[in-house]
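Data block below; observations after.
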C-alpha cells in the first residue's frame, strides 16, 4: 500500500462484507492468519498458496497474500509430533512476515461468489442462486448451443487447461438451461438435474465412476477443471482496486500445476 496505513484486518473487514465468513463450511479454513494488525505494503492475490506464489510475494515486497484455497496443511498427529506436509512453506511465510487471507467456501457460497461469477462470464440470463445449495447457480442461454461450443467458451473465459465432456451429448445443439457449480460439485448433480431439469451441468473434478454414473443417468456434464476457479484472482483484484483506488498496490499470481497429457 502506498498512501494509507492499512492493516491486514482492514482488508479482511472490507472483503467479508461481501463474502461473509459465517457462510464458510465448518471444516474450511477461511479468514486471516498470522498478523492481523500488520501494516500492509503490497498484496499478492492467488488461487492457491504455493512456493511460487510465496516467492512472487517476496519479490513484490507483498506482506499479505489473499488466496481462494487455504494453505494445504494435512496433519498427521500422534503422541510425539504434529507433522505438517507444508512445514517448509509455512516457515518461509513466517520468516518473511507474510499474512494470509483465505476466502474459500465463504466466497463460493456468497450471492456474488464463484458460481455466480462464472455464470455471468458465460453470459447466462435469468440467473438464480439455489436457496438450498448456495454453490449452485442456474441460468439460461438465449439461443441453444452445443457442448462443444460452450466448452470452447469456458476454455477461453476461465483459462481451463483441459475441458472434459461425455461424447454421447456432442451432437446436441439446443442446450439452454445450464447449472454451474464451481469447484468439485458432482455430488450435487442428481439434485440439480432433478429440481431444475437442466440441459447441462458445469462443474469440476469428476472421477471415472462419476462419468459412468452420469452416463447411466443421461446427465450432460462438462468438467471445466479446477483451475477455472482462477477467476477469483480477478474478482478480488477488481474489488480492492475499486475500494482503495491508487492506495492499493496489488499483484496477481497464477500458479499452474504442470501436468503433461499424452
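Including glycine, each Cβ sits where the backbone N, Cα and C put it.
What Swiss-Prot annotates here:
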type    : residues     : note
BINDING : 68, 108, 229 : divalent metal cation 1 binding site
BINDING : 69, 226, 229 : divalent metal cation 2 binding site
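Swiss-Prot feature annotations superimposed on the structure.
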residue : record                               : contacts (Cβ under 8 Å, 6+ apart)
68      : divalent metal cation 1 binding site : 46, 47, 48, 102, 103, 104, 107, 229, 232, 233
69      : divalent metal cation 2 binding site : 47, 48, 49, 102, 104
108     : divalent metal cation 1 binding site : 114, 115, 134, 135, 182, 183
226     : divalent metal cation 2 binding site : 183, 184, 204, 205
CB-centroid shell, 8 A cutoff, divalent metal cation 1 site 68, 108, 229, site residues removed: 47, 69, 103, 104, 107, 113, 114, 182, 183, 232
CB-centroid shell, 8 A cutoff, divalent metal cation 2 site 69, 226, 229, site residues removed: 47, 48, 68, 182, 183, 204, 227, 228, 230, 232
